[in-house]
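Notes follow the structure.
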Ligand code: HEM
């Protein structure tokens, strides 16, 4: 590998300047700093390529097909998955609704919801971001892109099989690991087909430095397969040990898979759209290594009070609290970069989604660290509060970043713009307002539920009735979120069918 020796493959050699020698600026082409990168998402005047995108055209074209496939399929699963979430939510206050078929009972609908949004929507959208950003930061074409395409096809076959199996009651019986292990093997093979192109592209990179998004992505594609395979091996663990491995895996899906995908994407898109390097590149190191060091042990805080050794739980609580360090590091970097350029939020709709998502990462992590304290957990455990927290992380943080990423990168991958900004704004406000209702309803309802359960003078039924209005409010919030997802899918459809095809790959300037 000759670092930086030949960019002509995809990126004109003549454009390398001293500006790109600073590590934080490796995401920019020479001369690009200072240029807002906002074309394509919600432009009234049609789609025009960012001047510098023309120079990256070879790189972008190499990843465009798998990226478009993955985002399209992810959006489909988002629609189906959130509809299942809404059905599950409604059933909690209309228990007799849809009770005639086993496949539509709460236990199955909830499980289908969870698996579709995690593996169908979030994982695919995240992999699409990796496949888009990795070649850009390494300034070379995506290697073996057809493997990634086959990986996408196989992954979706496995999702169809997995969701069908769950609806028919075939499950491995552990939360987040419900998909039968035979189908998990198909997912693992599909995953390997994504990893090979990412590693091969990293090895062929044309820059010496690995930009911070690259650390997060490369770590995620190595961590997750290990977690997934170990946790899915049938018969390896049993009893309390099985529960420990279950929660080690389940929390690490968030921490070592979805979090690096979301944080890595935000680290690329925020400065890229604003046109300025992130606030402090040195601090980003702290954020990455802090996550690597502390996150892997936090999952056992789900078993506080459970039949596992106290020291294992204590270790996990300590690690959960230590997570403040990397989270504050990421917060300083991402929020200060946005705060110093607030004008860009007005100019760029994708940035609005991504910055909101990044802010929610900070909130979700702070909340999680506090929720792991035994004193707090005594109240919140086994309540709807936890579900609110799960959606703060998996939805408000990761999903919002991926919505913004889709609006930003799909016009570049397809050569078509999204058109009307009104529909993108509508999507934004539906999901933000819907989520706010969802989150506050479950947080308040969850605490009341927990306090009722702890009060020995009150009958258990009180803890059920007290939360009822909050569950109804959650359904209203969830319905707005789901509606927002249909608006998102409509925007995507309009983009795919729009007339304004690639002529505008000619630069706007
Ligand atoms: C991309 C969108 C979404 C993601 C990533 C997501 C993620 C999750 C996660 C991680 C859980 C497990 C929570 C836990 O066990 O603590 C869950 C459960 C659930 N979600 Fe979602 N969700 C999404 C959208 C929705 C929507 C739109 C609704 C509509 C109301 C919804 C309703 C539910 C319900 C009812 C549960 C089961 C809660 C329980 O067991 O009491 N979700 N979701």
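Quick reminder: no glycine exception, Cβ is built from N, Cα and C everywhere.
No curator has checked TrEMBL annotations; they are predicted automatically.
Pulled from TrEMBL:
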TRANSMEM  67-90  transmembrane segment
TRANSMEM  116-135  transmembrane segment
TRANSMEM  147-169  transmembrane segment
TRANSMEM  181-202  transmembrane segment
TRANSMEM  214-236  transmembrane segment
TRANSMEM  248-270  transmembrane segment
TRANSMEM  282-304  transmembrane segment
TRANSMEM  310-332  transmembrane segment
TRANSMEM  353-370  transmembrane segment
TRANSMEM  390-410  transmembrane segment
TRANSMEM  422-451  transmembrane segment
TRANSMEM  471-493  transmembrane segment
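Counting Cβ pairs closer than 8 Å and at least 6 residues apart in sequence, the transmembrane segment (214-236) and the transmembrane segment (116-135) reach three or more and so form a contact. Residues 10, 59-60, 62-63, 66-67, 70-71, 73-78, 80-82, 84-85, 141-142, 145, 148, 152, 155-156, 159, 162-163, 176, 179, 187, 194, 197-198, 201-202, 213-214, 217, 220-221, 253, 257-258, 261-262, 264-265, 268, 394, 398-399, 402, 405-406, 409, 413 of the same chain sit 6 or more residues outside the transmembrane segment (116-135) yet have a Cβ under 8 Å from a Cβ within it. Contact between the transmembrane segment (353-370) and the transmembrane segment (471-493) is not supported: fewer than 3 Cβ pairs lie under 8 Å, counting only residues 6 or more apart in sequence. Contact between the transmembrane segment (471-493) and the transmembrane segment (282-304) is absent: fewer than three CB pairs lie under 8 Å, with pairs separated by 6 or more positions in sequence. Of the Cβ pairs linking the transmembrane segment (248-270) with the transmembrane segment (282-304) and spaced 6 or more residues apart, 3 or more are under 8 Å, so the two regions touch. Under 8 Å from some Cβ of the transmembrane segment (67-90) lie the Cβ atoms of residues 97-98, 104, 106, 109-110, 112-113, 116-117, 120-122, 124-125, 127-128, 131-132, 149, 152-153, 155-156, 159, 163, 399, 402, 406, 409-410, 413-414, 471, 474-475, 478-479, 481-482, 485-486, 488-489, 492, all in the same chain and six or more residues away from its ends.
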